[in-house]
Amino acid sequence: MDYVAQSPWIATLIVTATTYCTLRWVQYWRSWVNVPVVGRRGFLGSWISTILWTWEARGCIQKGYEKNKDFAFQVSTPNGWEVCICNDDMIKEYKNLMDDQMSALAVTSETFQAKYTLPGADWDAVHKLVPQPALAKSLMWLRNRAANDTDPYFPDFVRAFQRAFKEEIQVEQDGPFEWQSFPCFPRYSRVVAALTVKALLGSLANRPELIDLLCEYAEVIPLDGFFIALFPAILKPIVAFFCKAPRLSDRLVKVITEEIARRELENKHRIPEDMTDWMAQWVKDNPGYSIESAVVRVIATFFGGIHTTTQLTVHTLLEIATRPEYVDPLRQEITTALKAHGGWTKSAIESMTKLDSFIKEAQRFNPLDAASLARQATRDFQFSNGLKLPRGTWVFAPNGPMLFDESLYPAGSQFDGLRFWKLAEQTQRPHDYRLVTASSKYLQFGDGRHTCPGRFMAADEIRLIVAHTLFHFDIAIKNHGPRPRNTTFKKICFPDMSAEIMLRPRKLHGSEGN
């Protein structure tokens with residue numbers, strides 16, 4: 001003991017370890033819920049499960065669903081005990097609750113440490129942000145513009161895409177007619193970024209340095225958020241000071257705020273042309289909110305869109321590249337749509353129902369998140385069946401396992417690119433099976449109060465990118481190899497970020513379209 005007293009580093013280590021174990025013990029009991037446990041039990045066992053959560057998360061959720069699909073189960077994670085709600089009635093009960101009971105933003109905020117990395121998703125500052133309904137209205141405004149044949153929005157959107165595709169993919173559609181390989185994810189992510197910036201920030205999409213900045217920011221947020229979360233609250237501001245995300249966020253806020261000011265000086269009565277214009281006008285009409293509160297919301301929307309949209313785009317391209325039997329029917333549909341609707345119009349994209357089905361099946365077969373409808377109980381909550389959740393509990397629904405449940409999706413372990421097209425034909429309810437349709441059995445875009453409002457814009461981007469690629473090019477995996485395996489991190493499934501595909505320009509006849 002004298003040695004310990006004379007060695008401050010050892011004393012500090014003992015105090016730190018004791019404090020950590022105490023906090024872990026408190027967290028263990030405070031977040032405990034009276035439902036079955038999947039994984040290791042007990043204080044030590046749950047601690048081991050927490051460490052292994054990074055690798056075992058998706059397997060734990062699958063196992064829990066198979067054993068408890070009519071009720072619920074809990075798993076030990078770095079956030080404490082998280083509860084997976086499998087019962088339909090219980091899911092319906094919590095998914096539409098207000099944020100003062102079950103908050104989706106609180107989960108996002110904690111996951112990405114938004115206070116430091118993503119101010120537009122900071123739960124602690126939610127009262128200062130432009131409200132979620134206003135954000136949803138701005139995205140609905142963009143959706144309505146895209147659907148209006150007399151509005152220049154969608155033709156401008158297509159031109160922005162064509163320019164971005166040429167600059168970023170760097171494979172000329174007019175030849176040479178040879179296979180050219182390149183890394184799929186980084187190239188297509190920049191195309192998605194350019195399209196998203198076009199919708200959110202308009203003319204700023206023409207500034208490559210802004211695309212660079214936004215792409216870099218989107219890459220570092222998950223990394224910095226994960227790193228900051230490793231530290232206790234008292235140390236997080238210090239750790240964040242040495243991370244890139246806060247500095248990049250400040251730079252983006254400055255650039256976009258200056259652009260809004262420039263537009264205001266140029267024309268005080270400017271008619272909104274993009275989401276930033278719309279949000280700036282909303283702030284004018286609703287005193288009490290700052291321009292910065294709108295800007296950080298726009299930036300958070302960009303982050304929310306670029307990763308999910310790029311991942312589904314890449315998954316779809318990898319599936320097409322390794323399933324040649326779908327190329328001709330999809331290509332024929334694209335050609336017919338372009339002829340019938342006069343080129344790359346919104347109506348043409350909407351009429352590509354087989355392509356829509358293929359993309360949705362690629363999403364089902366490669367679910368981004370094994371969980372969906374993630375919420376944090378912002379106060380103690382009790383389900384109608386008596387199950388109690390203490391304040392702070394994280395809950396989610398088993399998105400991944402449901403998508404492979406044979407009772408919901410017959411032959412779910414097999415890829416069927418026309419699955420949803422055939423269901424639409426059989427039931428005569430086409431809108432029930434579109435990519436953008438959310439339901440209690442298909443939670444990829446969420447469901448209920450926080451169904452993703454940006455899914456319509458994302459669907460336009462993905463369908464346009466995939467249709468253009470398939471129409472103008474033959475596609476294959478590099479060296480005509482097999483589909484690269486996905487990688488997982490916690491609940492998340494990613495396509496192989498380093499996977500390379502090959503494109504070869506097609507020799508199109510003049511009658512085939514443009």
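Any Cβ shown, glycine's included, is placed from N, Cα and C.
Among the residue ranges 3-23, 192-212, the one that Swiss-Prot annotates as transmembrane segment is 3-23. Take the CB of N148 (N-linked glycosylation site) and look out to 10 A: across all protein chains shown you find 12 other CB atoms. Straight-line distance linking the Cα atoms of N148 (N-linked glycosylation site) and C452 (heme binding site), rounded to a whole number, equals 22 Å. When the alpha carbons of C452 (heme binding site) and N486 (N-linked glycosylation site) are compared, the span between them is 24 angstrom. Sequence-distant neighbours of N486 (N-linked glycosylation site) (same chain, six or more apart, CB under 8 Å from its CB) are N366, C493, F494, P495, D496, listed in sequence order.
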